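Q: Submitted below is the structure of interest, expressed as structure tokens.
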Protein chains: 2
Amino acid sequence: MARQELHIHLVSDSTGETVHQITRACLAQFPDADVTEHVWTLVRTDEHLELMFTGLMRNPGILLMSIIDKDMRDKIEARCKKMGIPAVSVLDSVVNLLASVLGQAQQNLPGGQRQINSAYFARVAAVDFAVSHDDGMNMGNLAEADILIVGISRTSKTPTSMYLAHRGYKVANYALVPGVPFPAHYLDGLDLFTVGLTNDPKRLSAIRKTRQIAMLDNENKTYADIGAIEEEAKEARRLFNRSGWPVIDVTRRSVEETAAAIIQLHTNWRESNA
Amino acid sequence: MARQELHIHLVSDSTGETVHQITRACLAQFPDADVTEHVWTLVRTDEHLELMFTGLMRNPGILLMSIIDKDMRDKIEARCKKMGIPAVSVLDSVVNLLASVLGQAQQNLPGGQRQINSAYFARVAAVDFAVSHDDGMNMGNLAEADILIVGISRTSKTPTSMYLAHRGYKVANYALVPGVPFPAHYLDGLDLFTVGLTNDPKRLSAIRKTRQIAMLDNENKTYADIGAIEEEAKEARRLFNRSGWPVIDVTRRSVEETAAAIIQLHTNWRESNA
């Protein structure tokens, strides 16, 4: 099939993050499409609208918008109709549903700035929490955590924690060390969702060898040794089983997929505890 | 107005990031709503669907979904209709538009995994680039960059670069130091979009004082001195004007807003150069 070029104009009265995310998710369904994105952010004035329309005329295609102000949305729709440009207001279906079930009108907050900021600060707090509770730090202070991740070395604990923090979860992680028992007393009296991560020993050995070469470490012979790693992984599994923690094998998962699996387990745990 | 409690079930066959982002953006319009989110990720099997429906029956409300597989989407819609649960498939309007303008059917890729992964790797590459080009590092290697940010100390250059990297832009940043001329020769022969950041001298002085206290730095008297900062800011503005770079005052902006303004300037620059 010949590749077609499509210009997509993403128009937002705020940072454009939402319309960008939606576009990325939808374009994943059309891998053959050859797309050029034109990102118009913070569009809040008529002057800015004119600038955007000039760009749209130069490279016509489609327009996807996340614009709260109804007047501005109407203006864009009218103009696009005249130009023959298909335009979709991406949040309309959800906002309309919310307005009807909540029985209240939307507030027309420009860019929804207030809540976006509070969501932003919650995310910043979650990221701070992940940074200060990485790799066994501050284990005495887990009461605030939503999730604890436990796993042996190189099972993506830190990037997974960071991704979950970006989604708003407060996550601590603890790296199991061979021969050192897990300090279970930190969990006493807490009702904390905990998950164990494992990885295929063969893959772990390969990852660790690469890492040792990069770090010029010739000292630690057991770190990448397959027999030792198998024993280490078995010991971790025994701990997970004994503690009744769910286990995720990260072998063929991206960080995002591991995080999604943890969110799902956390939901199941919370729903069945509710 | 009395606060109403609404249960929102977010259902995704993938990581749930998109439906989460859409929900957050829409809820910003209803600051009085008291919402409990139930996040169901990686929903790809009938067993998982049943688990989700059990949760939905326990806490009825509304359902927002990002599900690619048509059969599964139909199942969810039919069941919700029977239960009297309003359900919206959040990407439908955009996917339908893309299908019609591209003249091709969507590919029903489970979770759009392929492209999500390639977008994910592009983002990882952009973050790596931002880390290795932070604060004047590797200025000899700007040919690959999309954006260069120049500013005096404490104008949020690093967090802004990181946020832009998350959006997929390759960003380098350079901190201006009083009395040291900007090394303009690094830009020779490059057609690189460059933006200058400034901040209100009074606010800068306050921020820097706090930072000095945190770092126990009593040596550097001029760092937080208002007169010295005013001179430093003036010198920066002279450089920005002379070079013809657009300038953003970050004083009352969040990192996300500064980044959105940079994206907009970058779009304008690219569109007028096209």
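A Cβ is built for glycine as well, from the same backbone N, Cα and C atoms used for every other residue.
Copied straight from TrEMBL:
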| type | residues | note |
| --- | --- | --- |
| BINDING | A:G151, A:I152, A:S153, A:R154, A:T155, A:S156, A:K157, A:T158 | ADP binding site |
Q: Please determine which of the binding-site residues listed here (A:R154, A:K157) has the lowest count of neighbouring CB atoms within 10 Å.
A: A:R154
Q: Quick one: what's DSSP say for A:K157 (ADP binding site), helix, strand or coil?
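A: Once the DSSP labels are grouped into three classes, A:K157 (ADP binding site) ends up as helix.
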Q: Sequence gap of 6 or more, C-beta under 8 Å: which same-chain residues meet both conditions with respect to A:T158 (ADP binding site)?
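A: Spatial neighbours, sequence-distant, of A:T158 (ADP binding site): A:D134, A:D135, A:N173.
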Q: Provide the number of Cβ atoms within 10 Å of the Cβ of A:S153 (ADP binding site), excluding the reference atom itself.
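A: By my count, 18.
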Q: Taking the centroid of the Cβ atoms of A:G151, A:I152, A:S153, A:R154, A:T155, A:S156, A:K157, A:T158 as the ADP site, which other residues of that chain lie with their Cβ within 8 Å of it, listed in sequence order?
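A: Close Cβ neighbours, site residues excluded: A:N173, A:A175, A:L197, A:N199, A:V250.
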